[in-house]
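Asker: Below, the features straight out of TrEMBL:
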DOMAIN    56-94  domain 'Zinc finger Sec23/Sec24-type'
DOMAIN    126-390  domain 'Sec23/Sec24 trunk'
DOMAIN    401-504  domain 'Sec23/Sec24 beta-sandwich'
DOMAIN    670-748  domain 'Sec23/Sec24 helical'
DOMAIN    763-851  domain 'Gelsolin-like'
Amino acid sequence: MSEMAQTDPEGIDGVRMTWNAWPRTKVESSKCVIPIAASISPIRPHPDVPTLPYSPLRCKTCSAVLNPFSRVDFAALIWICPFCFQRNHFPHHYSAISDTNVPAELYPQYTSIDYSLPAGPYSTSQPPVFVFVLDTCVIEEELGFAKSALKQAIGLLPDNSLVGFVSFGTQVQVHELGFSDMSKVYVFRGSKELSKDQVLDQLGLGLAGRRTGPGIQKGGLAVSGVTKFLLPASECEYMLNSLLDELGTDQWPVPPGNRAFRCTGVALSIAAGLLGACSAGTPARIVGLVGGPCTEGPGAIVSKDMSDPVRSHKDLDKDAAPYFKKAVQFYEELAKQLVSQGHVLDLFASALDQVGVAEMKVVIERTGGLVVLSESFGHPVFKDSFKRVFEDGEQSLGLSFNGTLEINCSKDIKIQGIIGPCTTLEKKGPAVANTVIGQGNTTAWKLCSLDKSTCLTVFFDISSSEKSEPAGNLNTMLYIQILTSYQSPDGQTRMRVTTISRRWIDSAVGSEELVQGFDQETAAVVMARLASSKMEMEKQHIQLFDLPSFLMISVFLFLMRLLCFYNSPDETAYFRMLLNREIITNAAFMIQPSLISYSFNSLPTPALLDVASISADRILLLDSYFSVSYFHGMTIAQWRSMGYQSQAEHQTFVYVYLTFLPIDGFYIHQEGFDATRWLDRNLIRLCSKFGDYRKDDPTSFTLNPCFSLFPQFMFNLRRSQFVQVFNNSPDETAYFRMLLNRENITNAAVMIQPSLISYSFNSLPTPALLDVASISADRILLLDSYFSVVIFHGMTIAQWRSMGYQSQAEHQAFAQLLQAPQDDAQMIIRERFPVPRLVICDQHGSQARFLLAKLNPSATYSNAHEMAAGMEMIFTDDVSLQVFFEHLQRLAVQPS
């Protein structure tokens, strides 16, 4: 177990925490900067987790389960709950226990236990249901790829699995697989939204076929009529394969200049309605294969006119995406329906254009569905990922259904919420915090689907007792218990009980134990998840200085008088049209521009719109909506003219000039949460709190090894696709964030800070710095950024390969060198879901950008004079890690 502990940081419990020693008071916890949170993998397999063939023993007061931290009186057969201190009697079948005959749940090493729950009197083993929803508004080649993938998937399903099939284009077709004489289809209009009852009525599954009691259920199906549409895979495989062979692309005529008439939202809604005919809790998945944007009916994300572009991040920021809110609202209602039924939506989006993943994110996450985004149904990312979903054995994802997660905590611990693939059950209790993060206001959550890699982030709050207890009565340990009940892939009902313990500390007296318990990887991932959540949920309120509310009106009126400047009639009409159509925030900028001040002595701060704000050592950024200007003070302008920004000793000036200022002089006002600034401020506060330094002396700054990697994580997080949405579509951003929220800490850390391995003749494969300096002509680099795996050949290696040296007997060492990263890349690809994209590129090739974009730009055009001959250079204005850390040191040592 000691060897596994070194290679498996999650251990038997599948839990990692930002802080492994907890401050006792709310005030002290707020000073920790990084929130107290736990990353939990509820059903992660582990060889040391035992399975007990009986129900768990629960506390009669708080419903916590008997665990190794319970105190036991063997003589009286009583156990004391560590959460509420209730004394509970053991039932009769525990009468033989003693201090030498202890039940498994009391073994100290069994802090995680699986219980195989006995079946109820009416319960039957319910086979899983798969309803495939196929988009036919694609070209013939793409449809062929999708049909081949479906045929392969059906062949991999267990014989007793129930299968349904829905195709859609301009209309929705529900195929009756039980009618073998001919192809029988129920057609629904794609422009009309239907309720669940309307769908059931039109399919002939209405009131006459509703479930009236458990006695009439058959194999998880509430009514016999639904067996027309859902058949066992062994019975309908031939029928479905024949149907797919005959299925062609959507034949509805599309006028020139228009997009295909695609009704994705209605198709998914009808599939959910069809599953509504199944009894509650039947394990069921809707598997959607979508090849383009929805343009018809509810859930539409763009108009049919090709001249109207699909919404971008800029459109969402400016509230200029007319379809977005309605589509999200539609999928929120669909999510409620699926969660109430206990069913799941999986999405496989394969298109060069956006398909609406950003809008569907709410229903995918709340039902715990899988999501894969690829360029084509013929791309290995889709084909291999789709196959993995249905595979058995070692490659199986371990898909489970109908999960419920409950958390019990020690006194003074509150639960703020969970970020991850779940939905709240709104179970109130004393452990519910006032502050909500993610899915909160509850101590229980629904997980319609979960697998062996599913991970959730739980945020905690410390709530000190109003009356302080005597020092002798203080409990030095805290306890958290996680109860996860679910239906396993083999149909059994199980419960995983994980009980963890940590130590309370008085951080006001000493922080050494607090520091030693800091988990840098977990903290970085938690900050990434929290920042992503805030970017989606929070809106930045306009800060208009500290003036009374009514006095602000006089300021606006004063500035409006200044707008009567000399303009042509065309200009005046233009200004007024924009004033009349923009949202309040932007219109306020037209009247009262914003002014931001940048200087060496502070972070960027709002400045008064006054001539007094001009200073020789400041840079000012003015946003008046119609124009954006930045203004250099006299001293700054002189230093810039003298080229100080190109000198190594003036890198701080470069940081102020290049990083805080908008690149190329453009500034886009974002109404939302500023994640980069939030991360910077928290990092500065953390380093100021836990760093070792003399005030106002940056050269004296050092960080404890327990914190030394955290700034590097934050540097890469600031540059990652989770924070910098530029050059990514809303669909891509939603996809990246969904995977970030559901993967374990190790994988999520790779998303933030990729791993880099170097291969050369002179040494074994070794980890390399994530820096442009790691590029060498005689090296091969393997970059794993989770979403893509890049094999990068140095210039000399690429030339030798082009000359065919690897095929010559005397150059077998070179052939082995070329093959080594290929083998390692395939190992990564085999173990990961979704399957990452494999990119093979050469130095100075066009595909090399996949590597260069992830490297620290320590060598750029601005410091070219310091570079050695032949060294790789990145053309970017981004600051390097060294400059970032120097600036962090300078700010951290300043008095707060």
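The backbone N, Cα and C atoms fix where each Cβ goes, and this holds for glycine too.
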Asker: Find the member of 56-94, 670-748, 763-851 that has more C-beta pairs under 8 Å to the domain 'Sec23/Sec24 trunk' (126-390) than any other listed stretch.
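Answerer: Most Cβ pairs under 8 Å with the domain 'Sec23/Sec24 trunk' (126-390) come from 670-748.
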Asker: Please average pLDDT over the domain 'Sec23/Sec24 trunk' (126-390) for the predicted structure.
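Answerer: For the domain 'Sec23/Sec24 trunk' (126-390), the model's average pLDDT rounds to 90.
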Asker: Count the CB pairs under 8 A between the domain 'Sec23/Sec24 beta-sandwich' (401-504) and each of 56-94, 670-748, 763-851, then give me the winner.
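Answerer: Of the candidates 56-94, 670-748, 763-851, 56-94 scores highest.
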Asker: Count up the helix, strand and coil residues in the domain 'Gelsolin-like' (763-851) according to DSSP, in that order.
Answerer: 43 helix, 23 strand, 23 coil
Asker: The domain 'Zinc finger Sec23/Sec24-type' (56-94): which same-chain residues, six or more beyond its ends, come within Cβ distance under 8 Å?
Answerer: 103, 105-111, 113, 115, 406, 408-411, 477, 479, 481, 483, 495, 497, 499, 501
Asker: Using DSSP, tally how many residues of the domain 'Zinc finger Sec23/Sec24-type' (56-94) sit in helix, strand and coil.
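Answerer: Across the domain 'Zinc finger Sec23/Sec24-type' (56-94), the residues distribute as 3 helix, 11 strand, 25 coil.
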Asker: Going by DSSP assignments with H, G and I as helix and E and B as strand, what are the residue counts for the domain 'Sec23/Sec24 helical' (670-748)?
Answerer: 43 helix, 10 strand, 26 coil
Asker: Reported in the order helix, strand, coil, what are the DSSP residue counts of the domain 'Sec23/Sec24 beta-sandwich' (401-504)?
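Answerer: For the domain 'Sec23/Sec24 beta-sandwich' (401-504), the helix, strand and coil counts are 3 helix, 57 strand, 44 coil.
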